[in-house]
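In what follows, a single structure is set out as structure tokens and then discussed.
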Amino acid sequence: MALHVPKAPGFAQMLKEGAKHFSGLEEAVYRNIQACKELAQTTRTAYGPNGMNKMVINHLEKLFVTNDAATILRELEVQHPAAKMIVMASHMQEQEVGDGTNFVLVFAGALLELAEELLRLGLSVSEVIEGYEIACKKAHEILPDLVCCSAKNLRDVDEVSSLLHTSVMSKQYGNEVFLAKLIAQACVSIFPDSGHFNVDNIRVCKILGSGVHSSSVLHGMVFKKETEGDVTSVKDAKIAVYSCPFDGMITETKGTVLIKSAEELMNFSKGEENLMDAQVKAIADTGANVVVTGGRVADMALHYANKYNIMLVRLNSKWDLRRLCKTVGATALPRLNPPVLEEMGHCDSVYLSEVGDTQVVVFKHEKEDGAISTIVLRGSTDNLMDDIERAVDDGVNTFKVLTRDKRLVPGGGATEIELAKQITSYGETCPGLEQYAIKKFAEAFEAIPRALAENSGVKANEVISKLYAVHQEGNKNVGLDIEAEVPAVKDMLEAGVLDTYLGKYWAIKLATNAAVTVLRVDQIIMAKPAGGPKPPSGKKDWDEDQND
């Protein structure tokens, strides 16, 4: 009989076998900081217009080529619990503002890196946290003073276009003027009088071929589908939408039939035909000339639809059906009954068109007062179009933010350097040990212009010293000139490089909260993972014998 081996005394004694336990500065805090630094370093090189792309292949073997931090993090599936906190902060930024996710990561990474220096010098964690929280509060007090201008008229396409340049530029440098104009046209055309803008009302349809500059905006909806029948174009369309198949009702009983004569064979399907004819005629008599269905279309129903000159469109996606109902003002009917006038939708024209070599059905409103607008994107590869779609998404979200708060702050690192300068001065006036943390908080802001400079290929230290010198003279709006080949600065307000006030406000708040949360952790206790061994993923033939 084997002897009972006692567990080592201490915390591990209380836990189940296989559980892991880390505590103290070395094991918990520094480890967490290291993980967050690594994550921030990964996305830092993707920051700004000259940021590098990342090639990510997810667990479904889908390829992503992008410099959008939100997409990179979503597909990376980060496992480390501390790094996950930073990822969650960037997801919150994505939900709140729709842009600035990389700012949160880079800034939180810089805060933790500088906190590690202070902890190694002998400051306690609570002093660092207190200093960071005071500095964050001070940054939010200073930020309103840095506002350089406000959006005046959100119904002017040219003004809106100029305000969207910066957010689009970070994803599609070189195409920002063209894309910002498209996004502005789409947003302004459906901006309601109430001022409540819904980002879901801007749809994107990606069609392979041609180039980015062949993209266009359309008031209405575009579907990559073909029409089912012979009718391919209808003006002044009255639309009936059905969520059921466009077919006759079939009973669930067995259909065994005994036919004794040729006449009976002739009359066999006549009743079914007459019923289908009556159903389609009843729909046509209501004035409906376009039928959209969410199910299959029977051959017989198609024949009668052609007979009564009804255009038939089949949409497999229930989401597409819902959006179409919203666009044309229709109600989706669950059964093949003739619609009443209130249930029918209206559209100026519905037609089949060919874009490149792709057939599309277009539901078009001539007036710019539709509920939904569609941006038709063209591009040479699917990955490129996906990246352009992300740029469009950022632009639309920026417009949404401007409808909530019209204030703008200078971009290109100008706001960050001014905050760093003023918070450093404030830190000098604080008597306690938290002054060191406040100064480090200010220093963390330098990570943003430093990342922009490094990604543009110029010397970061030279740029930052130039920016400090200019800001010391009182030029608050001067930031990094990313187009210059040598370290240079210029006025961001004149250059039109502007960031939203809300975007900056939330990014600073969320990054600080995430960094403080990571620093507050002094113990990590991990239970043994449940279940047996997981099968190896990726190998399709993992259970077959290997012939080496």
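For all residues, glycine too, the Cβ spot is worked out from N, Cα and C.
Site annotation for ATP in Swiss-Prot covers GLY100, THR101, ASN102, SER170, LYS171, ASP499, LYS504, and the matching candidate from GLY18, GLY255, GLY271, GLY412 is GLY412. For TYR30 (phosphotyrosine), the nearest of the recorded positions by C-alpha distance turns out to be SER23; the candidates were SER23, ASN102, SER269. Around MET169 (ADP binding site), a 10 Å sphere centred on its CB holds 24 further CB atoms from the protein chains shown.
Within the group of recorded positions (LYS224, LYS260, LYS400), the Cβ with the highest number of other Cβ atoms inside 10 Å belongs to LYS400. Site extent for ADP: among the recorded binding residues TYR47, GLY48, GLY100, THR101, ASN102, PHE103, MET169, SER170, LYS171, GLY412, ASP499, the largest C-alpha separation is 16 Å. Across the residues annotated as binding ATP (GLY100, THR101, ASN102, SER170, LYS171, GLY412, ASP499, LYS504), the two Cα atoms farthest apart lie 18 Å from each other. When the recorded positions LYS171, LYS254, LYS318, LYS466, LYS504 are compared by the number of other CB atoms within 10 angstroms of each CB, LYS254 has the fewest. Once Cβ contacts within 10 Å are tallied over all protein chains shown, the binding-site residues ASP99, ASP499 are led by ASP99. Listed recorded positions near LYS504 (ATP binding site): GLY100 (candidates GLY100, ASN102, LYS260, SER269, SER317; Cα-Cα distance within 10 Å).
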